């Protein structure tokens, strides 16, 4: 009561405030009634609509902010919103027919064409092409044919033939790849932004990639399968580099990753990661985090290629199928969330037929678009 005996003026609480949302519930109700004048509209319909729109807006703004950050821009533009929508599968399906003003367009490049352009410059193609050329020159019957066609044409033909072989291998999921320097490319998959995933049958210590991944424990133990292989190939220099890293870094936490120089190895760097044990608390999330941390370290060094073993499926006890699914899921989501990545090729270095079959099968399930 006021001093004059009248009632206090009570401030009206809006429907949005009552529902706990920011978007205007009353306006949503008017929009729904305009479109459906013959139907009765429930009280909860505009509230639910406002909540959904608010959630979608926040999601798009978060992804657009990540795109602006990755492109080193301080302000979110319509272009970043377009990229955010295009790189999220659900949002892309929802807003497929929506035009974003001043957002530009996304080039519709077929993944195979993109892979050919990048593959001709990549290290893997450079490794694959020499052996067939040597085989073609070694027989006495094929030498005059090479002279007639010319060096450049012969090289182009050999590249085309090898491309057909690799495509057949990836399509049929067989072990008929292109054998080169002790390893065979069994299957290739291109992701949305052009990164290539390749299943390779070989020893991880023999591949000439920018980085190889070494699954270890908190003390940087090198007694596992991958650690033993790298230690034999790298020798004392590799062991000393690991010891120095252990002193500088200290114990390696679960899902953590640290990098050292690849002394004595074809690879430039070795990324040591501490993967979780199967059955531990949140082991699946931690395995995904382990893979993403390895990729982030490679991106920090501006590396273009990285080779993974089957992390977690050895002594840590992960089922091979589960480990493959989690690793591929982590890699795919990493490249979607990180708009600008220096990594162009990811190798999976496998040696047993069971792991090879699982990775080829799981890679075929990934959507290249």
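Each residue, glycine too, has its Cβ placed from N, Cα and C.
It is 128-180, from the ranges 75-127, 128-180, 181-233, that Swiss-Prot records as region 'Disordered'. With 203, 204, 226, 312, 313, 314, 316 listed by Swiss-Prot as binding glycoprotein, the candidate from 14, 16, 275, 353 annotated for that site turns out to be 275. Under the DSSP three-state reduction, residue 312 (glycoprotein binding site) is assigned to coil, being neither helix nor strand.
Within the set of binding-site residues 203, 204, 275, 312, 314, the entry lying nearest in space to residue 18 (N6-methyllysine) is 275 (CA atoms). Residue 312 (glycoprotein binding site) sits 8 Å from residue 320 (SUMO2 cross-link), taking the CA atoms of both as reference points. DSSP assigns residue 203 (glycoprotein binding site) to coil in the three-state reduction, placing it in neither a helix nor a strand. Of all the binding-site residues listed (312, 314), 314 has the fewest other CB atoms within 10 A of its CB. As a whole number, the greatest separation of Cα atoms within the glycoprotein-binding residue list 203, 204, 226, 275, 312, 313, 314, 316 is 20 Å. A 10 Å cutoff on Cβ-Cβ distances gives residue 226 (glycoprotein binding site) a total of 23 other Cβ atoms nearby, all chains included.
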